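Per TrEMBL, these features apply:
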TRANSMEM  47-72  transmembrane segment
DOMAIN    47-534  domain 'Major facilitator superfamily (MFS) profile'
TRANSMEM  84-105  transmembrane segment
TRANSMEM  112-133  transmembrane segment
TRANSMEM  139-159  transmembrane segment
TRANSMEM  171-194  transmembrane segment
TRANSMEM  214-231  transmembrane segment
TRANSMEM  325-345  transmembrane segment
TRANSMEM  394-416  transmembrane segment
TRANSMEM  423-443  transmembrane segment
TRANSMEM  449-470  transmembrane segment
TRANSMEM  482-504  transmembrane segment
TRANSMEM  510-530  transmembrane segment
Amino acid sequence: MTARHGGGARAYADDVEDAMSDIRSSFEFDYEQALTLTGFGRFHYRLLALCGLIYANTAIGITVMSFVLPSATCDFRMTSEDKGWLTAAPMLGMVVGSYFWGCLADTKGRRIVLIAALLLDGTVGLLSTAAQIFPIFMFLRFINGFAITGAMGICFPYLGEFQPTAYREKILCWMELFWTLGIVVLPCIAWLIIPLPLQLGTAGGGVLFGSWNLFVALCAIPSLLLGLWLLSFPESPKFLIECGEPALALEILKDIYQTNTGRERNECPIVRLKESDRSNTIMETHNRSIRTFNIHDPKHMKILLPEIWEQTKALCSAEFRRNTLLACLIQFGITTSYYTLMIWFPELFGRYEEYEKRYPNATVSVCDVSSIVLESVNDTLVDDFCGTDIDTKVYWHTLLLGIACIPTSLWLPLCVHRLGAKFFLIFSLTVAGLVTVGLAYVGNSSQNLILSCIFEALTSMGISTVYCVMVDLFPTNLRVMAAAFSLTFGRCGALLGNILFGFLVDLNCFVPIVLFSIMLFGSAVLCFFLPDTGTTALQ
């Protein structure tokens, strides 16, 4: 059956009719045919809402530190280098966690790993609010990064494996709008909470709980709620088929059919699913699903580890080596630039506001204003600038960053079938590279804000598009592993970027800005070599 991408509901109805005519005389259905017969409706919208909110929650979890930096400066007596290490801690957790969660998701399932990652993130996030010692707080944020990368790396494959071919790329592209939602909601929460005159305890008493602690706690709660909501959703049927459990996958597809059509399960035309053509060493040797092995059992781990290693080696095989290398390099370039600058934007906005208060109507670049913490003003070192009270303009400017993403968040899913994912990647990364160069030459806070908004809108769209493309680049048994592998490279870049920026922001911020622009241009060039996606059935 050839999927039609135009015509909306009529085209989809034609797809259903084609599926029925193609397989009317057969009792076995391949997965794409079965998905088409379940219809597209209420279940898919609920799943999009869930995965979208998970993605929005990851945006909050990753960027929450951008408001903690200026707010907690006094409590922890942080220097710029300390802030660099604090922003790097979650990134280091992501580096460690990406491959771990990927291995787990390809052996135990997408749903159970998503639940575990979300619950861990929420629990540790609440614990971090009570941390009174900087190294302990930094370690807990490391665990937060470790957990949140599991949710980010798996929600796209989990969502994509439920989508018919005709809808998959567009549905995945709508996830960008949810990321924008997270970027918009975060400064709103910060604006409401951080300015509150809340200060429980005293430094002498050993326990302090301020408004920024409450802000961190509130940002942790959605992870717990989403983890509990996910309990009501099924495992990916495509993953179950790959595990040798087509019967269980069939039951889930019947439930989807009932939810989408309102008919009884026994009316579902799907009688039997074709088993996976891919060989699985564990299934062949032990005649059982890979999901039934217990990772806490040493004997089972001896069986699982070789299979995990085989999957990892498969990513470097001749068949997938090119796509794996492209995905890793593109992720490295985008993520290094995006996550470093996104986390430091509120801090830079705050420094601009402080500088312009001291020198009204002065023309100064972002690199010059960043050195404010090293200069002397009226014979007083400006490194005494604490940052507990964030100027309200900083919240407004950060909110504008999120609002600026709304047009691109709508443009991507509405036009991805017409222009193609590669166009959006190349366009967004090229323009973002030019904008990054421009950041070094702005003359005031308004110009800095405009370029920052353009950078945020384009790079966030580029990152979401990469996740969409990843679903089509690799087969089911390697999909999450491949995403985890590339995310590991990306998080390594973000880790190095935040440490580098923390050290250089007060000394010579022109150097990291040039490096980030080069990475974005390089990623744009690499996107030319990506295969076209969105028109083939899931493998």
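Each Cβ is built from the backbone N, Cα and C atoms, and glycine gets one as well.
Across 47-72, 84-105, 423-443, stretch 84-105 shows the highest tally of CB pairs under 8 A with the transmembrane segment (139-159).
The average per-residue pLDDT of the prediction over the domain 'Major facilitator superfamily (MFS) profile' (47-534) is 80, rounded to a whole number. With pairs at least 6 apart in sequence, the transmembrane segment (394-416) and the transmembrane segment (449-470) have 3 or more Cβ pairs within the 8 Å limit; the two touch. Here the transmembrane segment (394-416) has long-range neighbours at 66-67, 70, 169-171, 173-174, 176-177, 179-180, 183-188, 190-191, 342, 345-346, 349-350, 353, 424, 428, 445, 449, 452-454, 456-458, 460-461, 464-465, 468, 534, meaning same-chain residues at least 6 beyond its ends whose C-beta is under 8 angstroms from one of its own. In summary, the transmembrane segment (325-345) lies against the transmembrane segment (510-530): three or more C-beta pairs, each 6 or more positions apart in sequence, are under 8 Å. Using a cut-off of 8 Å between Cβ atoms, the transmembrane segment (214-231) and the transmembrane segment (171-194) share at least three residue pairs, counting only pairs 6 or more apart in sequence. At the 8 Å Cβ threshold, with sequence separation of at least 6, the transmembrane segment (112-133) lacks contact with the transmembrane segment (482-504), having fewer than 3 such pairs.
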